[in-house]
């Protein structure tokens, strides 16, 4: 039922042609590789070749008794073909696979054709299935790659593209960081961390000065204690990052594991204190009349510094830490960090991405409730006086920093615009210490007469109102 065909092997172009009977009872499998081209299933490099799976329904639905199938593997670098204007992605191994069945175009397949593109670990890229449209609908208009009609299933050793039509296929990879961009980002992050450390020290000194010099309400003292611990975690995180970038690549494996664990611990402490800031904001503005907790701040410290240590201890016991390399598309290392190794990326996704994702959703919900409650107080006349717009904007921006909104940009660092988002993410998080310092000085520095628009006044009035209603 599957008739033998012939092969063409020219420079950059390899073709397999064969006939398939309409009465075929089994699916048709073809192997291909960039070097060897397309061939029968049992005659290519084992474990390294790609695969094309033709469902038998394709041939059974055609009118003729025998249909000709042409499979072509092209090296577009050698042939100088399929070069799209302003293309940002890179074609995997410069390989394009063309499939033709019969004399007419085939589309709308119920059982899709599956093309498996083999590859190793893809460094810092996201794979996109793509097909090329031949010349455009207007004369002289160029075609281009698009992903419609294909579903991608990435894997460790290959990516499977299931498509409901037949044309030319490839795997288009979004560009990884090039060496110049990576070095620029590293320089920006290093300078930003140095500045952030200086302002974090100023912030710690300011918080200690205010707590010791002025008589403050217990609520305000607790808030300052929370801010002090958050800024302390940011200070340690910046310090750990500077040590990491300075020692990675030269440290011994054991030292690198310790440094990776330390950096992960500081990051988790920062996330945890961000969550505790959200919880405290919820208690002050929503719960209002909570029960008194003995040694409240000390217990928060135990949670804020102890829980990350537990997580890092478990991750370290699993052997998750070591040298992590940031690579280009051709697997050239452009930066080394002591971090969670590629083998344990699941640890990163759970403890960093998943953990922060939950914290961010909770904190944004709290921020929405607080904003609504503040507007309600303004509408009922509870808050007297006029607050300058720039101060209102500064308070909102400060709350955003405290609640970790700038870290959420990490979820947007994928795709063709990732470089711009990475710059924004690096700059904003490097300057987070400066933002918090300015916010604390403007909001918390004691005035000769307390403003009726201040945060502490709103909290106290809300407590009084709630108590009278009860």
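The backbone N, Cα and C atoms fix where each Cβ goes, and this holds for glycine too.
Range with TrEMBL annotation transmembrane segment, chosen from 129-147, 148-166, 224-242, 243-261, is 224-242. Between the stretches 272-296, 297-321, TrEMBL puts its transmembrane segment entry on 297-321. Per-residue pLDDT, averaged across the domain 'G-protein coupled receptors family 2 profile 2' (189-444), gives 82.
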